[in-house]
Amino acid sequence: MASGGEEEKMSQKQMKEAFVSNQNGTSVLEITEGLCLPALCVLCRGLLIILSQHLCSSSHNSRTRFLVDFAFLIVPLVTTLTIFSSFVLLEYLVAIILGAGLLYEIYCRRTCYARMPFQKICEKFLKVSLESEHIPAISCFRVVNSAFTAVAILAVDFPLFPRRYAKTELYGTGAMDYGVGGFIFGSAMVSPEVRRKYTKGSRLCYLTKSLYSLWPLVFLGMGRLVAIKSIDYQEHLTEYGVHWNFFFTLIAVKLITSLLLIIFPLNKSWIVAISITALYQLALDFTPLKSLILYGTDGSGTRVGLLNANREGIISVLGYVAVHMAGVQTGLYVLKERSHIKDWIKVAYCILLTAIGLFISLYIVQVNVEVASRRMANLAFCIWIVASCLILLSSLLLGDIILSFAKFVIKEAAVPCSWKLIQSPTANKKHLESIVSEAKRKEPTLCLITAMNRNQLLFFLLSNVTTGLVNLSIDTLHSSTPWALCLLNLYMFTNCLIIYVLHLQDKTIKFW
């Protein structure tokens, strides 16, 4: 009887592994469409908060604000990756109509410059300065990536998740292929090097601090490895290998990039990124490296030995190092001090143009060199990741600019995780005082975006643990669509609520 139970357990594991394997992905355009939708949702959420503040004198309580944030930030991600995956353009239409309607209502009810023509208002708006310790678009970028990953890692085990969104086996682009690259790019934009955190002391001191910051990742990587092997949890072998996992990739990337940033100037990170991807692609094309990744040292797919067992995870680190360096260069550009709205419009425009240029390059590379491969993290894959990250970042920046305009025309408007406005000295002094003083005094701190950004690593760990618990307790393969959708929303609601409560209690969980 015990043997029969063991065989049944093994077959269930094999079924789950087969369910997420041998996928070919979808088009780059479809992934980009889904990726940029959250930027519209963040904008609609901000506009709704401004309009509700203007119409209702009482401020939202913590419960209401959490539900609004969850409805606008998380629920659309869950539906886009599941039941509405074939209707993303319809979701865009709904979001655009909602956003346009909210913005029109705000403009019609404006309390500032009520009798001034639209053109004059725009001229004054372009002279407005911004005050913010952090760039809201970067915080939103990191949160969107975290939420997207959290939804996808559980949803992929249910039939309602489109197989074309799952991680690709060899070549192609699946929505889940974006996850690790997006996480690394987002972390690079706010890395200690970009924030000049280690400016004091020698290079050896900087390297020591960088190495010390890795110990939590070592602990988490080893912990995940032991947990997965001890409970015989299903694995996608060609994702990283036998023992390797996401945390080990982060460790390797951090080690290599720390050394590179000691040798090369920060502002030359883009040159390092291009050089690494070009040389790596040449090695894939003209050496046995590609054969090693795909078939092992003996050419028959062996997993004997540490390198053979983890060849995908180890060698693909080179591609992720290039993505990290591109993220460092982007962070340096975006975090540069700027004073006026018009400067940020130029930033959003430049990032958008760069993204479009990279997508054109991606097409050329995929036609003439090699199709994108997550398994190898090749040249096309790196270009795709960086282009996707930049298109999302530019969308979020444009959304922030529109939101700032809405705040500009409504007195005392305050939206969490958005820019504070300061008018130029030549502008109306009374309005200046109201913008600065009221924003500082009344700005809400009730914000799911801020909460998730504050404890991003904890949120990721919670998502992994709860995903494991759901998979161990429920037959995901045979779950109906309504039941799966309910579970996914409950899973995200629980994780978000824990992070939100910690934020309300002013707690940041750090492992170092």
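Glycine is treated like the rest: Cβ placed from N, Cα and C.
Checking TrEMBL for transmembrane segment across the ranges 151-168, 457-474 points to 457-474. Sequence-distant residue pairs (6 or more apart) of the transmembrane segment (457-474) and the transmembrane segment (211-231) include at least 3 whose Cβ atoms are under 8 Å, placing the two stretches in contact. Proximity of distant same-chain residues to the transmembrane segment (480-502), defined by a Cβ-Cβ separation under 8 Å and at least 6 residues beyond the stretch ends, is recorded for 62, 66, 70, 74-75, 78, 82-83, 147, 150-151, 154-155, 158-160, 448, 451-452, 454-455, 458-459, 462-463, 466-467, 470, 474, 508-509. For the transmembrane segment (347-365), the residues of the chain that approach it from at least six positions outside its boundaries are 28, 32, 330, 333-334, 338, 372, 379-380, 383-384, 386-388, 390-391, 393-394, 397-398, 401, judged by C-beta separation under 8 angstroms.
Across 89-107, 271-293, 377-398, stretch 271-293 shows the highest tally of CB pairs under 8 A with the transmembrane segment (243-264).
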